[in-house]
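To start, I am sharing the structure in question, which I have written as structure tokens.
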Amino acid sequence: MNQGKIITVSGPLVVASGMQEANIQDICRVGHLGLVGEIIEMRRDQASIQVYEETSGIGPGEPVVTTGCPLSVELGPGLISEMFDGIQRPLDRFQKATDSDFLIRGVAIPSLDRKAKWAFIPKLSVGQEVVAGDILGTVQETAVIEHRIMVPYKVSGTLVAIHAGDFTVTDTVYEIKKEDGSIYQGSLMQTWPVRQSRPVAQKLIPVEPLVTGQRVIDTFFPVTKGGAAAVPGPFGAGKTVVQHQIAKFANVDIVIYVGCGERGNEMTDVLNEFPELIDPNTGQSIMERTVLIANTSNMPVAAREASIYTGITIAEYFRDMGYSVAIMADSTSRWAEALREMSGRLQEMPGDEGYPAYLGSRIAEYYERAGRVRTLGSQEREGTITAIGAVSPPGGDISEPVTQNTLRIVKVFWGLDAPLAQRRHFPAINWLTSYSLYQDDVGSYIDRKQQSNWSNKVTRAMAILQREASLEEIVRLVGLDSLSEQDRLTMAVARQIREDYLQQNAFDSVDTFTSFPKQEAMLTNILTFNEEASKALSLGAYFNEIMEGTAQVRDRIARSKFIPEENLEQIKGLTQKVTKEIHHVLAKGGI
């Protein structure tokens, strides 16, 4: 422990002297109030400290005490359904302890409740050899999540004691005799430094798709479990709603939602909506699998920088248990702005648009912690982290540094488009500019699992949309009537795909989520219409005849998005009806 004194205060940056025995990334208690800070730069005996609480009223001469520990999170039962701030302070217990709706400075509250008792059920017995990552036992944390208590990193040996029963997170639950003869006493809780990724046995290639229930994503721009995706877009394009939809309906075990520097009302929406929503996979409330980290725009700027790391470390902990985890960061641009502010106060040489030169490496550091892995331990298990980051480029300009550095790392780009949002086409993901480098892997995975021709259908649908884009300029110049019959059909089918398939109402109880079988049935109907109508045109039918003769079935295709999942056969039955009506048009020989 080292004690120094403050010599300079500049917003969230405090410089202290007499810190020659301190280390970089040490946590400090700053001033008489004991504010939480982290050393980010050392020069001789002077330490630059970024303070995670409001520094007004702090002055030169006040003491700074180091703890000798890096910024760490507590990992154990009690994380699920909890809401933390950027440095893992539990906001509900913080409010009860301080009787204030605002963050009172200098208050230290443990992240995990020290009084709550958890029923521990051992899975191993005394005398067994254990290594780091082995599951010792379980705690039923919520109705959905079984919390698996693991042997901490760098601990291995013989299990000499393990107890069943109700324990707090600090009670000794098991004892391991290490190779050197010392006894390690373990509890339900472990700590981990947030800036250090948790070790794994092996990194694997992600192949299984993350089903989000959003048709434009699952069909055209899928992300895998263990993948990384970016959602850039201007203000009002729907980034937060896309993130909320994935957090609600993604087929993962755990969701970590990090509200980083965004509006407080958005976190309020999450708190109001999530407890009422039922997870379609488990039938329980979505909050039963969610961890919230709220670091809104009016909270100290330095804590934004920590909140992303806090979230990904908690995600890694659940991944190590063998769960699939999705982490949403909304928004990484606010995190980058916090880096820029601290870099400016440190008087570092600025890079593009004032961001620090190390912006790219910090963004890469975060996204590289996602992935599909084989975890540590003698028991074979896999876990995944899917990282989805919203990016808020000023004015929607995706050439700015945060977006460009993000796109260099992630494999999925869901580009939100202001013109689409203004036309009230939501989700406003532009199908011409977005991309997914997982498309081929996901397509072959689905074809193999479902025994269907899914990837071919997706390719055909995208070809129709791209053909429409090339025809639009001709239509604007000389009108729709100047097109050939086949091109007019292409324009009509493309409109069907856009309006009846890609458009999705997040606030409709049925349309908000579409399962994969329903997506396939809906897309098959539209493509069947295109195929049968093309055949009819080649046999001499007119475009107008086909459109008038199939008006009823096309209307039913348009309404199929509002048919509940349990009535899926109704949607599948439309395929035969499409063929029948077009054959009827041909049989009549004109209308």
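Glycine is treated like the rest: Cβ placed from N, Cα and C.
Per Swiss-Prot, the feature ATP binding site maps to Gly233, Pro234, Phe235, Gly236, Ala237, Gly238, Lys239, Thr240; the stated evidence is sequence analysis.
Context for these features, please: burial, neighbours, distances.
When other Cβ atoms within 10 Å of the Cβ of Gly233 (ATP binding site) are tallied across all protein chains shown, the result is 30.
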Starting from the Cβ centroid of Gly233, Pro234, Phe235, Gly236, Ala237, Gly238, Lys239, Thr240, which together make up the recorded ATP site, report each further residue of the same chain whose Cβ lies within 8 Å of that point, ordered by sequence.
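Going along the sequence, the neighbours appear as Ser392, Leu416, Ala418, Ala421, Ala428.
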So if I draw a 10 Å sphere around the Cβ of Gly236 (ATP binding site), how many other Cβ atoms end up inside it?
13
Name the secondary structure element type, per DSSP in three states, that contains Gly233 (ATP binding site).
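Gly233 (ATP binding site) sits in coil per DSSP, no helix or strand.
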For a quick check of understanding: among the binding-site residues Pro234, Gly238, which residue's Cβ has the most other Cβ atoms within 10 Å?
Gly238
Let's check the environment of Thr240 (ATP binding site): how many other CB atoms sit within 10 Å of its CB?
23
Under DSSP, is Gly238 (ATP binding site) part of a helix or a strand, or is it coil?
coil
